[in-house]
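According to Swiss-Prot:
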type: BINDING; residues: CYS158, CYS161, CYS183, CYS186; note: Zn(2+) 1 binding site
type: COMPBIAS; residues: 221-233; note: compositional bias 'Polar residues'
type: COMPBIAS; residues: 238-249; note: compositional bias 'Acidic residues'
type: DOMAIN; residues: 35-131; note: domain 'PH'
type: MOD_RES; residues: SER16; note: phosphoserine
type: MOD_RES; residues: LYS44; note: N6-acetyllysine
type: MOD_RES; residues: SER239; note: phosphoserine
type: MOD_RES; residues: SER248; note: phosphoserine
type: REGION; residues: 221-249; note: region 'Disordered'
type: ZN_FING; residues: 152-212; note: zinc finger
Amino acid sequence: MVDRLANSEANTRRISIVENCFGAAGQPLTIPGRVLIGEGVLTKLCRKKPKARQFFLFNDILVYGNIVIQKKKYNKQHIIPLENVTIDSIKDEGDLRNGWLIKTPTKSFAVYAATATEKSEWMNHINKCVTDLLSKSGKTPSNEHAAVWVPDSEATVCMRCQKAKFTPVNRRHHCRKCGFVVCGPCSEKRFLLPSQSSKPVRICDFCYDLLSAGDMATCQPARSDSYSQSLKSPLNDMSDDDDDDDSSD
């Protein structure tokens, strides 16, 4: 069915509409064989708080951006190759329901749908697209994924030293290896993580010691079930600001 739709006028028109919504700042999305499978608003768990984002699922990429005017204008376009994507379901917790992880070697994050049915449909479609892509290319699924960042609101003190309290002066930082929220003194070192950046990135002392010793796997904790015992406020509707988790700290 996907192959049949690839060259259809309707598919070309739909993709063109998405391109126009992102404007000149967005990347071209129309290429031979690409099909727009579906689209919708998902709540993305960003660094500061959950935020509504517009997502577009194609047969080879996942695209999302900030909502400026619903169905008319989006910005801050992000493009994720599906062949690098792995997804895992997340248990419901408080106001955060119907969620799953989107994991890639460069960036991983949690998203939440409005209903359980919508979640199931998204996950099924993503899994099918990934399976079809890998089958055609003969590649194997990626087993290396960037850590999902712990939201700022989950940590009032450094998650490594357990002593430093965060204030407007004593800022929060994120370890790029484990995703923990840490203080400056606990994250002064940098390490080259090629899948995330061509330059050395900030990591905590704990991960630095393990990486320096060659113990790559121990740095990254398993966090597929819980994100937010402290995120008790209702989900935020919309925001036109940047993704907070794209910041340098």
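Even glycines carry a Cβ here, placed using N, Cα and C.
Feature map: Swiss-Prot annotations on the structure.
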residue : record                : contacts (Cβ under 8 Å, 6+ apart)
SER16   : phosphoserine         : THR30
CYS158  : Zn(2+) 1 binding site : ALA164, PHE166, VAL181, VAL182, CYS183, CYS186
CYS161  : Zn(2+) 1 binding site : VAL182, CYS183, PRO185, CYS186
Collapsed DSSP category at LYS44 (N6-acetyllysine): strand
Helix, strand and coil totals (DSSP H, G, I; E, B; other) for the zinc finger (152-212): 14 helix, 10 strand, 37 coil
Check: same-chain CB within 8 A of Zn(2+) 1 site center, minus CYS158, CYS161, CYS183, CYS186: VAL157, MET159, ARG160, GLN162, LYS163, ALA164, VAL182, GLY184, PRO185, SER187, CYS204
Residue distribution over DSSP helix, strand and coil in the domain 'PH' (35-131): 19 helix, 54 strand, 24 coil
